[in-house]
Amino acid sequence: MSANNNMESEIKEIESISFGMMSSEDIRQMSSFEVKTAKISSTNLLETVHDPKSGPIGSAPCETCHQNEWDCPGHFGHIELNVPIIHPLFINHVVNILKIFCWKCNEFLLTKDHLELNNILKLEKEKKFNAVLEKIKKCDRCVHCTTPRADYKLVLNDITYKTIYRTFSYQGGAVKTARDKKLNESREIVSAEMVKKIFDNIKLEYVEMLGISHPKDFCLEVFPVIPSCCRPHEVQDGNINDDDLTYQLMEIVKNNSMIGAIKLEKESMEKQYPECLKVKEILLLSNVEKQKKEIDDFLKKPIKNGLKTKKKINKEEITPLDQYLKLHDKYVKYVNNLKFRIETYCNNSQGKATHATTGRAIKGLRERLTGKEGQIRNNLLGKRCEMSARTVIGPDPTLKIDEVIVPKEIAQSLTFPDFVNKHNIDRLTKLVNSGNAIRLVKKNESGQEIKINLAAAINNHGTPLQHDDIIKRPKITNNHEEKHNYEEKHNFDTFETIVIKDPKNFVLKEGDILFRNNFQQKVVLPSKKFIKLEEGWIVHRYLQNGDILVLNRQPTLHKASMMALRVKIMDVKTFKFNLACTKPYNADFDGDEMNAHAPQSEESKAELFTLSTPKQCIMSCQSGKPNLTIVQDSLTGAYLMSKENNNDATLTNGEFNDILMVLTQNDEYNGDVVDYFLKRKEDVSNTLKKLGFSGTVLNGKGLLSLLFPNDLYINEEDLKINRGVIYDGCLTKKYLSSTESSLIKILYKEYGVETCATFLNNIQFLTNRWLMISSFSIHAGDCIKQKEVLGTVEQCLMESEKIKMTTQNPFIREQKIMQTLSNAKDVGMKIAKDALKRDNVNLHAQNNFLTTVESGSKGDHLNIAQITSLLGQQITEGQRVKPLLSNGKRTLPHYILKEENNDTEHFHDLLEEYESQGFISSSFAQGLNPKEFFFHCMAGRQGVCDTAMSTATSGYIMRRNVKLTEDIKVAYDGTVQDTRGRRFQMAYGELGYDPSKLVKVNGKPEVCNIARLVNKLNCNFEDNIK
């Protein structure tokens, strides 16, 4: 007990985390074992990568902490490297640090005074270091020893490892001495030993002044070995395979051991042949060209002690000098291999390291931690759950906003635990015995839970049949039910003989006699057992109509990305829901998939029904505008219906009642639905007569008026409603979408959630049914190009030519030309818009392109201009397309190379000149030629790239924000605090208002619009007096 108490008392709260490099001593102190050999035997695993001190192997306890595999956290080991290695992840930092220190005296190239004069020391850590790097570039020599400054570059050699090269150069190219000239022409390799020597001599005061940690730890002398639990072996086809990291560690140990053995052999030769020391000095030269030259000179000189005499070494006739050089080549090879293995152990994102047998790329530490499939996002931040499903989504205009169609396959996979009580015991008993439940849970006398598989408990499959069993069945005339299950059938007295070829699908019947190997067998017919439930048992039943299901589309950015919908089971393959719910999900039906989650308790169902149904998500909690809106077909239908004249009867009485019938299936009205609409129809007719109309309701406006409350008043320029009756204006996106003046918001705020939800359902049912009578489509006649456009293009091009001749400054000239050419698109848009409206008036026909734009259901006037007029100037990187071919004289090879001063006399030549820089005079209806298509793709490509980049950036920011604020909540006292009780706000948003319940009055958020409520009361009072 005392040990446990001591352990508990030592546990403290983490205050901060710091990241940095571990020194060699830190790694040794942390290590529980040293890996010395790559050879593994079944009897001895000590000092290998599978050392028992790294953690338990199988059922054996850990030899370090003596815990089992569940409790042991794992223990690090280490490898003593026989040669220092620059840490591959920090090699760029190493190069930058080398640049600011002298390569000869290892002092800082500048003085502290230099930094103080330029106010560099006052900067933050990273900014300070970058400023020092920029300052060093202007320095030629070390201020301490006057040695020329060296420049360092990182070069990738043989696509496997990186090498640091050192060169000497001077600002302005001035060479001062013979030594300087010699250095200036050299290019040296900087080895890890040289880097370590420089870093070891760097004074601590310089490190503190620069605000960095000491760089000596960037040179690895000891390599850590992660615990075995972090690199578990995997079993495939009965074979045990080592993890990728274990494979890499074994390769590191192999190469390290070979380096150690070669070093010992070289030292032995240096003792035996002292002249080898001279060769060693030459081989250590960092200048490759100088090294080759001195080796050649050394080989030409006469050498004593038999260094050039051939001897039998390792069964090979070779001179000791050649053997020594051969050992050096092997040494360099294994050092490079060691660098490569350590680099790919840390980061193998480019797939350089592969398995020798399979060729599969090895997963390094970086790949395991970072990215979508890494440990952090996939495991630590990942959300995994049972009772969920995923499939493609689609629309269904017959559904209400709070309903979802679920495929039958999914409904028979997801379950809900129902507790048996006196109120539901009969219903659940029927479900269990009809095969609509999967599992039964009850408790025995000792209180232990017993799980019963209902399929096995209810169904008795009878005698198991085998292939070639013989069944004798009483002969039944004209019964071919089992004909497909047997191949041989012979009449035998009053029986028919059946040879079973498909035992799984054959069903025994009463009177069957079974023979197996000429012996009669006992026949037990298939039967079902009746299960009687008791109170307190738990029935895991399949989903049923009316159940709650949470539907989610990723990315989940706000509350309404997960909404609770009521289930309707159908024999389909996709989820289907109402189109009004597409906006909060940001969903479309071009192949999008969504997730469904089945709640597993009555409490969670109640919480979802109270907080997360579409009715509770109608208004956005961020902007206060409607989340659920009328879109596309329904919006077009509402616009066309409200555009009809109040005095015209465009529908027969039968058609009117037929359309009205779709509303009577709605059970959300109080009282008799039919009586409600008959009374409402009479009220609408009376209101129209008072307003000076004929009083007919047999048109679109009359139908729509039935949906509004009888005390709704709207008095806008483009829409007027009196006592819930539309008598002027049209319903457009402004009034049925996500705007401040939306009717959805007004109904939600003034009449409540239920009235608003009923309106959203009914207006979609009504408009969709009306469109079945009054069809709507777009045809080729709506896309005719206007003749006036050609004159506009010519006028804009001529203006551009005038600007080109009169403006001298090239920058100003280009900006004016761009503005003039962009005007062509605006003028084309105006021409298209006016022409379409003019055609509507003259021909008394509706251009359906214009209808979709004016209603707001799809597109805008710019889209119409692009289809019927011209696309205009294409912009890439904020300017016209640059001529990059033929020394900057043309943009594409399709255009003829012309002289710079060549004047264009004809319009065709002028058009081609501007077309070559991205001006498109064609429309989509006319079609783009190949050259125009190139330019159009150039402009579109930039938008695609920007979208992809911004999506990744915003997603990363969102993940960080969610993680940082995941425990912040509004407490019961109204304050905003986290789980530790730290308060961030005394009231949410400083005011404590819910944005979804506010309205904007003159641009300011208010609890309610007093002027509107007063006007409503006055209108009601005046109508009652009349």
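Backbone N, Cα and C atoms are what each Cβ position is placed from, and that goes for glycine too.
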Query = Of the candidates C62, C65, C142, which does Swiss-Prot annotate as part of the Zn(2+) 2 site that also includes C102, C105?
reply = C142
Inquiry  = Quick check: with D588, D590, D592 left out, which same-chain residues have Cβ atoms within 8 Å of the centroid of the Mg(2+) site Cβ atoms?
reply    = I393, A587, F589, G591
Task = Starting from the Zn(2+) 2 site formed by C102, C105, C142, give every other residue of that chain whose CB sits within 8 Å of the mean position of their CB atoms, in sequence order.
result = F101, W103, K104, N106, E107, L109, V143, H144, C145, T147
Note = A correct count of other C-beta atoms within 10 Å of the C-beta of C62 (Zn(2+) 1 binding site) gives 24
Query = Of all the binding-site residues given, D588, D590, which residue's CB has the most CB neighbours within 10 A?
reply = D588
Ask   = Given the binding-site residues C102, C105, D588, D590, D592, which one's Cα is the least distant from that of C72 (Zn(2+) 1 binding site)?
value = D592
